[in-house]
Every structure is written in structure tokens, then in C-alpha cells.
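Notes for the one structure printed next.
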Amino acid sequence: MADTQTPNLQNTAEGDANTSAENERSLTVRANHQSQNTRSWLRYPFLVAGIALFLGPFSFFWPREGPIDSKDYVERTKRVLKTTPLIDGHNDLPWQLRIELHNRIYDGRVDLSKKLLGHTDIQRMRQGMVGGQFWSVYVDCDTQQQHFEDPSWVVRDTLEQIDVTRRFVNEHPEHLQYCDTPACAREAFKSGRISSMIGIEGGHQVGGSIGAIRQMFNLGARYITLTHNCDNAFGTSASTVAAGGADQGLFKLGYDAVKEMNRLGMMVDLSHVSHQTMRDVLGVTRAPVIFSHSGAYAVEPHLRHAPDDVLRLVKQNGGIVMAVFVNRFLNMKNPDQATIHDVVDHILHIAEVCGWECVGIGSDFSGTPFVPVGLEDVSKFPDLIQLLMERGATDQQIRLLAGENILRVWGKIEQRAKELQAGGEKPIEAEYEGRNWHKGMKNSPWMLRRSRDEALVNGAADQPFMFNVDSEGKHNPVVKQV
């Protein structure tokens, strides 16, 4: 048999008794300890209060985030631009992509996230604390078209510019976000991205067509400059007047264009237009207007700027004038001597006449070879803000200037469009006088006798008409020898 040890029942009973006693003592100790802890916690607030009273006089030694010195313009600027998006109303980078790369952005020749020549790249936008950017999809107008009958290449090129803008924005999702609403622009800023919007720089880019305006809106454009440096079907440009031409203001189709843009929620941009065109638009628009890159005529009498009477109308309208950075607009006699101080002068004058609620920033970077000293590229926006602070601008005024104004104006334009559409307003059906509707007309049946007669009057008599309507309203085939 194996040698085993039988447990001692007496020892086991005594052990159980000892264990029970120890457990009781342990419970008593824990209960007393918990009671003491409870009393300690009850006394804790009074202890903290006592310590705070004792150390209060010495608290200035502790590091903490407090009010910034009003003359610490660098820190004030950082604080403002970290919480309010700085939105630039006009940048022509897409034009550079067109001219230099023929819109080929995938072949490795350019990386927009790294520093490039010129004024604009994402690296310097980040340095400049840019929070939003309206990209201009500009296409030039090189003739004063009198009949506006050959716009096909301009409209085509505009479509290509919208395309390349959307593509380069999509290529950098960590930095850029395409937006077509002010709500999107705010959300992009909160997420750390630069909101990217599209503006069309000239009514010639829609070929004088209100239908094309609607389609550009559907493609994502959110403002149209009524004219660029040439007259178009909508109105007179500042360049025409500067060259000695008559200021005829807004043309008949221009009134319809403004009305339709109001209905759509497309911002009407009055940069580049003549002074009378500015006044005419402000007299008929049903929504706020913008000047995406202009200045104050009273500061520098260039026709690209808004006179004081127009600034007062903009105030009544609830619109915005975004200050431009182009040398020759800032100092006509000595463009090379233009500086950042000239831009500040324009901003402060606009604010004085129109109010801080209607001033913004519209640089025109990458659209001009010559910019003022101190504003050499997109990294320099904070320097402008600091100088404005030095000249007396408050943080709240800077917030309005930087981005709150354009977002508010844009929001009002959106709201007005919703009201007009909810009221049953239909899309405008209008065209410029002299429009030829019968180029390349196909052999096709006519719905109305009137249409056939109009075609004959308009010089389409050599076209075959497949059907006619007789006096009894019956459709009879008409075979015309050709």
C-alpha cells in the first residue's frame, strides 16, 4: 500500500475557526478604512478651497492661455485665422495649368503640394493660413465681338477649365475640398481643408447664353463676372471705357442675365465692369452682389475700382467688395512702387464708406505678373492681417474681412434663390438681338406654321421644309427643290 497522510480533522476545524476570526477582523478594518476615506472626501472641497485661497496671490507665476497683448499682431492673427477661414475671392492658378501644362496634371511635371514658381501652391497656402479659395476658370476675350455669334471655342475652353479645376482639387483631398455652398466651406475649414470654389471671369465665357449660365451653375460655378476686358452680350466693360468707348452700362440681355443668376443662386460679380454697369446692376438685382477683385476708386482712380457712390449702393445691397493686389490698379503712375500699404488703404477706405460688413480679400494671385511689395505670394496673407491690426482693425473686424462677410453674402444669395424658386419663378428664356437660330438646319417637320414663316424671314428660305399646315390645320408635305 502506498504511504499516505490522512488529514487531521481536529486541525482542520481549528483552522476554519481561525480563518473565520481573521475574516471578521479584515472586514472590520476595511469598513473603518472606507469610513475614513468617506470623511476625507467630505473634507476635500474645503481643503482645495483653502489651498486656492493661499496660493491665489502667486497664480501669476503659472503658465496659462490668457488674453493676448493687443500689440502682439502675430499671435492675434494666428488666433483669428485658426478660428475663421481666410477666403480669397480670386486666384488664377487654373489659367497657369492651361497655359503651361495644357491641363495635363498627371504627367509628373508639377506637384501642387510643393513650392513652385509663381504665386500659388498648397505649401504656401498653408503657410498663409488660407481657409478657402475661389479658383477663376478664366478664358480670355481677345476681340470686341459685336454680334457675339462665334462663342463655341470660349465655352469649350471654359468647360475644360472647370474640368481641370475639379481634377486638381480632387488630386489633393488631404488639403483641398471642392465646395459649392457656404455650409460646405465652413465644414471644410473645420476639417482642416481649404475649401475650393469656382468662379467664371467674364460673361463672354457663356457665349451670351442664359441657358449656358444655368449649365455652368449645374457644373459647379458659383459666380460669374459679368464682363472681363471686353464688352459682351450682357454689358460694358471697364476696359472699353478706359480705351475711350462709351459707357453704355448694362445691356438688355444683361438685365435678364442678372435676374436669372438671382434665381439660380449664382453670385453676380461686378469686378471688370464699367461704372455705369455697376450702377445698373445694383439698381435691378434682387440679391447681394460681389466684387471678387476690385478696390476703391477714391483711393486710386482706376476704372477697375468702385466709386464711393457705388460703395454706398453695395452697403444698401448687402454685398461685398474684395480688395485686389494688382500693382497697376494700386499705383497707376508708378506700379513698381505699389506696396502692401496700398492694399491696406483700399481695405480701410471700403470699410469706412461701406462698413466692415462689406469688405473682403480678392488677391488675383497667379493672374498678374506684378504684385505689391510685401504681398509676393499666397504665404503673405498674415502680413496683411497684421498690418491692418497695426492700423487699428479689431479682431472682429478682421474676422469679417477674412471670411465671415463672403460666407454671409453667399448664404443670403442662396436664400434669395430658394425664395424665388419657391415662389414659382421660371428660368429666363431670352437671347440677344440678332441671334441666328437656323445654322445648319436639318430637314425636319415643323410643329407650327409660324416657325416656318420666321425661318423664311430670317434667311432660311433655302432649307427644305418637310411639312406645312394648310388653312384647315392639316399637315401637308412640302417638298422644296434643293
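Each Cβ is built from the backbone N, Cα and C atoms, and glycine gets one as well.
Each of Cys230, Cys354, Cys358 is a candidate, yet Swiss-Prot gives the disulfide link of Cys141 to Cys230. The candidate list Glu174, Glu187, Glu201, Glu260 contains one residue that Swiss-Prot assigns to the Zn(2+) 1 site with His90, Asp92, namely Glu201.
Around the Cβ of Cys141 (disulfide bond), a 10 Å sphere holds 22 further Cβ atoms from the protein chains shown.
Cys141 (disulfide bond) has Glu201 as its nearest neighbour among the binding-site residues His90, Asp92, Glu201, His272, His293, going by CA to CA distance. Comparing local CB density within 10 A for the binding-site residues Asp92, Glu201, the maximum falls on Glu201. Of all the recorded positions given, namely His90, Asp92, Glu201, Cys230, those whose Cα is no farther than the 10 Å limit from the Cα of His272 (Zn(2+) 2 binding site) are Glu201, Cys230. Cβ crowding, taken as the number of other Cβ atoms within 10 Å, peaks at His293 among the binding-site residues His90, His272, His293.
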